[in-house]
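**Q** When I checked Swiss-Prot for this same protein, it listed these features:
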ACT_SITE  599  active site, for molybdenum cofactor biosynthesis protein C activity
BINDING   70, 120, 151, 212, 317, 318, 319  GTP binding site
BINDING   77, 81, 84  [4Fe-4S] cluster 1 binding site
BINDING   83, 124, 175, 246  S-adenosyl-L-methionine binding site
BINDING   312, 315, 329  [4Fe-4S] cluster 2 binding site
DOMAIN    61-298  domain 'Radical SAM core'
REGION    402-629  region 'Molybdenum cofactor biosynthesis protein C'
């Protein structure tokens, strides 16, 4: 390893002559968005002369020393958050394309040997990976690694928390965008708010672990809860981090939804006038968050200002995607394939040379937020020899093939590969020779690119005369999930009678009805009976709907919630592994559950209305739509 380090020092001595890039505001910054305050500052990094020699391997052209590595363990997630998951779904990598446990451990050791002292595991949702606990236990044994973090949505955290803590996890970021359980379901398209909040409370009980709650603020959706989150810091030693809404392909980003951190601070100051910023000396080095607090409160409040005031000049982080690509900038379009180099038998020295070459191509800062928002399906570009361009044209339409061809021609002639800068020409050629392949991959499916030739009624023959069942014999088996919902409206006095409120004390101090309380009619328990009926209906959907295939249901979850004194919500989520979707099963379950509620309660009133039944989401198969209704 000593020889490797010396070779990098020799090749990179020119770094001492470079000064850090000046901080520049986004030229696309809109006048309609509040300008960051003039007293903002750049966080200082350790001078390059005082950094240990090995860190030259992970030092870029702007004197930034990368000591923080984020590793994605999986592309999968058990939530479908609107700001993260495109409406039309994502194309997951095949299982054999995902980094194995041994590969992740090897890369972790390699980066730590080159100066990384902090590793954070992300996803997708990292805790859905089956071997996450033993994997982190092995990483925790690496000498020189000081901090291990996890970013999680908290759904599965409570049952894994103790083992992860013992394995060395001392940094925990939990995503929670609302303190309202119904709004949580709206944002994530899934249930589980109570489990997330329980995970936060359980984590705060542990010693030697920092807990942060990440909250993405979207104007008109959860900005009215900002002060409620700040109030959490009164009695909890937690850091609430408000994240500016960032544009990623498919998340319908709009400046109308964007709220800058300066606007958030104004909102907080109205309720907490003493709210103030920590001094530079109190801040952690390379901290991405601008940290504030209310004097006397136990916790902190941070702002991650990636859009309105970026922190690129102090960036010290690198990322490895779940399928093994090194990404030097979150918003960059380029990724370098480490997985294939490992599987081709590359030595540690060869991998370090590739990593160093990629780091040296890191730009001074990412693009402006409007430019980022306009980048659709940003491709993965693995830079290398032109003769090794690899594109899979199988099953692509003629239009797509032309687009890819034009894209590659433009790429090959671009300055990104053939630099005309005489000062750095030798260095660029040296770096490029160490990077392999060029390929294009979409991060998500795109409605504009879908083949429209198959927009036909699948249950009618092409001549339009005879109904028919769809042939699914050639389809592949995938995980299928569908979520349907029904809303029932009751006359104002009916639910009160059924709940028998005065006897059962089901009114809280705010005169709110208990949302998960069972109601009882003369026929018996209404909700329990209706859930049984809905479950039976799900299993018999093919007997009710003529062209539904008989399928083995693996999971059926029906939840009935009292929204207010006149409304009841039915959620039916159905899952299975098969060749066809389960949306009809979910809709049937929600419908029959609602009809049974009506039947159980009709003696009190015939004016109960099944207001609507709709499909909320479906996932799996070619036409995945994590959000159907808006």
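In case you wondered, yes, glycine gets a Cβ from its N, Cα and C as well.
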**Q** I need the nearest neighbour of residue 319 (GTP binding site) among the binding-site residues 81, 124, 312, 329, using C-alpha distances.
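**A** Looking at Cα distances from residue 319 (GTP binding site), the smallest one goes to 329.
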**Q** Three states by DSSP: which one describes residue 315 ([4Fe-4S] cluster 2 binding site)?
**A** coil
**Q** Relative to the Cα of residue 175 (S-adenosyl-L-methionine binding site), which of the recorded positions 77, 84, 120, 312, 318, 599 have a Cα no more than 10 Å away?
**A** none
**Q** Compute the C-alpha separation of residue 81 ([4Fe-4S] cluster 1 binding site) from residue 120 (GTP binding site), stating it in Å without decimals.
**A** 21
**Q** Please report the Cα separation of residue 84 ([4Fe-4S] cluster 1 binding site) and residue 599 (active site, for molybdenum cofactor biosynthesis protein C activity) in Å, rounded to an integer.
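**A** That separation, Cα to Cα, works out to 41 Å.
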**Q** For residue 77 ([4Fe-4S] cluster 1 binding site), which residues in the same chain are close in space, meaning a Cβ under 8 Å from its Cβ, but six or more apart along the sequence?
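**A** Sequence-distant Cβ neighbours: 84, 85, 123, 124, 125, 128, 153.
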**Q** Residues with Cβ closer than 8 Å to the Cβ of residue 212 (GTP binding site), same chain and 6+ apart in sequence?
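**A** Sequence-distant Cβ neighbours: 171, 172, 173, 174, 238, 239, 240, 241, 302.
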**Q** Quick one: pull the CA-CA distance for residue 329 ([4Fe-4S] cluster 2 binding site) versus the residue listed as 'active site, for molybdenum cofactor biosynthesis protein C activity', whole Å only.
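**A** Taking the Cα atoms only, residue 329 ([4Fe-4S] cluster 2 binding site) lies 58 Å from the residue listed as 'active site, for molybdenum cofactor biosynthesis protein C activity'.
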**Q** If you skip the near sequence neighbours and keep only those at least six away, which residues in the chain come within under 8 angstroms of residue 599 (active site, for molybdenum cofactor biosynthesis protein C activity), Cβ to Cβ?
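**A** Residues satisfying the criterion: 523.
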**Q** Under 8 Å between C-beta atoms and at least six apart in sequence, can you list the same-chain neighbours of residue 120 (GTP binding site), or say none if there are none?
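**A** Looking at Cβ-Cβ distances below 8 Å from residue 120 (GTP binding site), excluding near sequence neighbours, one finds 68, 69, 70, 71, 148, 149, 150, 151, 171, 173.
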**Q** What other residues of the same chain, not counting 77, 81, 84, have a CB atom within 8 A of the CB centroid of the [4Fe-4S] cluster 1 site?
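**A** Not counting the recorded site residues, we get 79, 80, 83, 85, 125, 153, 188.
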**Q** In DSSP terms, helix, strand or coil for residue 124 (S-adenosyl-L-methionine binding site)?
**A** coil
**Q** Using DSSP and three states only, what is residue 77 ([4Fe-4S] cluster 1 binding site)?
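**A** SS state of residue 77 ([4Fe-4S] cluster 1 binding site) = coil.
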